[in-house]
């Protein structure tokens, strides 16, 4: 389409080509064309000015209305969030106070634990000394028992010898009695022989008297007869009679002397024999008495030693019983104190874990509030930048705390680059945490809820009758599977408990089917615990799913944002004494956009700096970590905690706020 100046130039060119013009005419025509062109430009400018004024009036009206709406919304939101921030600050103050109190209690409990440990060490030292003393006493007792057994064996030997000696003494006493009896018989025979000798002497005297009487009578008769005989033969008869008498007397005297000698010889021989037998018996009896006396002396000494050893043994046994009783009392006291302290430590750990969970929930709430406040701040800053309004003091302070990367992309009246969203990709990853305190461990948990696999890691069979598997998915109802009463898991064997919906075959003892449940359940936080028959948790495995939302853009600023995200994420893990919490993704439930990242402050959390509005990538990870207060021993804060990350979305300002957004 030709303009008026072009049409005029065409006409003038045609006229000039038809008729030649003078220079003055040409000059005037050019001036006329210039004036017409200026008039056309002025008319166009006036029309443009009028349209711009009309548009400006409409825009001013819209700005006024928008300012009124924004002022009303900002005032309401400011009041609401100031109240919420006040409550959050109070909650954080109370949590900080509670944490300080718990730290003081923890330090106190640790001091008590150290004291109890020192006392326990001392008691163990005393116990070791008592055990050493007990061993010495047992060795002494064994030596005394050996000496006692030796003394008893000697006593038995001496008793045997005493019994033999008593038998010999009895025999000797019997022989002595026999010898005494023989001596008495010999004495009786001697007396009898003496009596007989006396009788024979008396008889001999009597016979002598009789013979003398007879001799006198014979003499008298012979004398009488000799009177009658003649005197010649009287001498002959007298001599014959004297010879006969002398011969008879000599014979009688020889017989008596011979009988006396024989009797004396027999008596002296028997008396010598009896005396020798008595001497031998007296010697044997003396020796037996001496041996018996020595045996009695030895028996008395051994009995005294035995009684002394028995007294020492009784004293040692009494002392040993006292030591065992005191040792048992000390063990019971130590065991009771240790049980009480362990129970107190378990209660303290449970309270600490409960306080830590509450503190974690409060920090989650705080981080969500910080993200919402940051999102509102981004919206307000975007509107202020679009409308070229003066920033509020809060925005200035917020920009003053921003990182250098955000300052470079937002400062100096730079123009925000337009971005075009091409595609959105979500990635899910699982993190696992397992704990085992017995022989059986939870080896594998299916992400889709098809099965749970257990393994016996020991070298012994494990009876699992009436054991339970408890499955918890977030706030969903608890699922409980109970093993058969006679089920036993062999050493090194694996058992898989299938859900009914998995289509597996029931094949004990390696494959069990839970017919009452179609699935074990699936979700973002799956906790599987193995409970024994006494109700104690012996194994646990927790499966946490993290969803990462990644948006691909046309702009080349995505690499810068990813680089910034990587640097901030890596810098947060430099301290080896930090414990990271488990990963989460915060997404808007209505608009589908990830929540913006907040610059969380405080003693408990560490997050990355703010992201510039000109960045194109919307996948941002905010990692919160806790610094360990105590040592690395059991019962510290970081034992049962895992990483927690917040995956945030696009931080660029929106041109229009979404309606009914749960985050906004």
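Just so it is clear, glycine is given a Cβ too, placed from its N, Cα and C backbone atoms.
These numbers come from a predicted model, not from an experiment.
What Swiss-Prot records for this protein:
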CROSSLNK  97  SUMO2 cross-link
CROSSLNK  201  SUMO cross-link
CROSSLNK  201  SUMO2 cross-link
CROSSLNK  219  SUMO2 cross-link
CROSSLNK  260  SUMO2 cross-link
CROSSLNK  270  SUMO2 cross-link
CROSSLNK  378  SUMO2 cross-link
CROSSLNK  417  SUMO2 cross-link
CROSSLNK  420  SUMO2 cross-link
CROSSLNK  450  SUMO2 cross-link
CROSSLNK  470  SUMO2 cross-link
CROSSLNK  597  SUMO2 cross-link
MOD_RES   12  phosphoserine
MOD_RES   51  phosphoserine
MOD_RES   277  phosphoserine
MOD_RES   390  phosphoserine
MOD_RES   403  phosphoserine
MOD_RES   406  phosphoserine
MOD_RES   407  phosphoserine
MOD_RES   414  phosphoserine
MOD_RES   429  phosphoserine
MOD_RES   612  phosphoserine
MOD_RES   616  phosphoserine
MOD_RES   632  phosphoserine
REGION    1-25  region 'Disordered'
REGION    1-130  region 'Interaction with MLIP'
REGION    243-383  region 'Coil 2'
REGION    384-664  region 'Tail'
REGION    384-442  region 'Disordered'
REGION    552-576  region 'Disordered'
REGION    598-619  region 'Disordered'
MOTIF     417-422  motif 'Nuclear localization signal'
SITE      325  site 'Stutter'
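Projection of Swiss-Prot feature records onto the structure.
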residue: 51; record: phosphoserine; DSSP (3 states): helix
residue: 201; record: SUMO cross-link; DSSP (3 states): helix
residue: 219; record: SUMO2 cross-link; DSSP (3 states): helix
residue: 260; record: SUMO2 cross-link; DSSP (3 states): helix
residue: 270; record: SUMO2 cross-link; DSSP (3 states): helix
residue: 277; record: phosphoserine; DSSP (3 states): helix
residue: 325; record: site 'Stutter'; DSSP (3 states): helix
residue: 378; record: SUMO2 cross-link; DSSP (3 states): helix
residue: 450; record: SUMO2 cross-link; DSSP (3 states): coil
residue: 470; record: SUMO2 cross-link; DSSP (3 states): strand
Could you check which of the recorded positions (201, 325, 429, 470) sits closest to residue 450 (SUMO2 cross-link), going Cα to Cα?
470
Over all shown protein chains, what is the count of other CB atoms within 10 A of the CB belonging to residue 378 (SUMO2 cross-link)?
21
On the three-state reduction of DSSP, what should I expect for residue 97 (SUMO2 cross-link)?
helix
Recorded positions near residue 97 (SUMO2 cross-link), in sequence order, restricted to 260, 378, 429 and a 10 Å Cα cut-off:
none
Around residue 260 (SUMO2 cross-link), which residues of its chain at least 6 apart sit with Cβ under 8 Å of its Cβ?
197
Whole-number Å only: compute the distance from the Cα of residue 470 (SUMO2 cross-link) to the Cα of the residue listed as 'SUMO cross-link'.
135
Which residue counts does DSSP give the region 'Coil 2' (243-383) for helix, strand and coil?
141 helix, 0 strand, 0 coil
Measure from the CA atom of residue 429 (phosphoserine) to the CA atom of residue 378 (SUMO2 cross-link) and give the result in Å, rounded to a whole number.
30
Roughly how many angstrom lie between the C-alpha atoms of residue 277 (phosphoserine) and residue 51 (phosphoserine)?
175
For residue 429 (phosphoserine) and residue 51 (phosphoserine), what Cα-Cα distance in Å is obtained after rounding to a whole number?
57
Around residue 470 (SUMO2 cross-link), how many other CB atoms lie within 10 A of its CB?
15
When the Cα-Cα distance from residue 51 (phosphoserine) is computed for each of the recorded positions 201, 219, 270, 325, which gives the smallest value?
325
How big is the gap, in Å, between the Cα of residue 201 (SUMO cross-link) and that of residue 270 (SUMO2 cross-link), rounded to a whole number?
22
Fewest other C-beta atoms within 10 angstroms, as judged across 97, 219, 270, which are the recorded sites:
97
Rounded to the nearest Å, what's the C-alpha distance separating residue 325 (site 'Stutter') and residue 219 (SUMO2 cross-link)? Just drop the number here, would you?
120
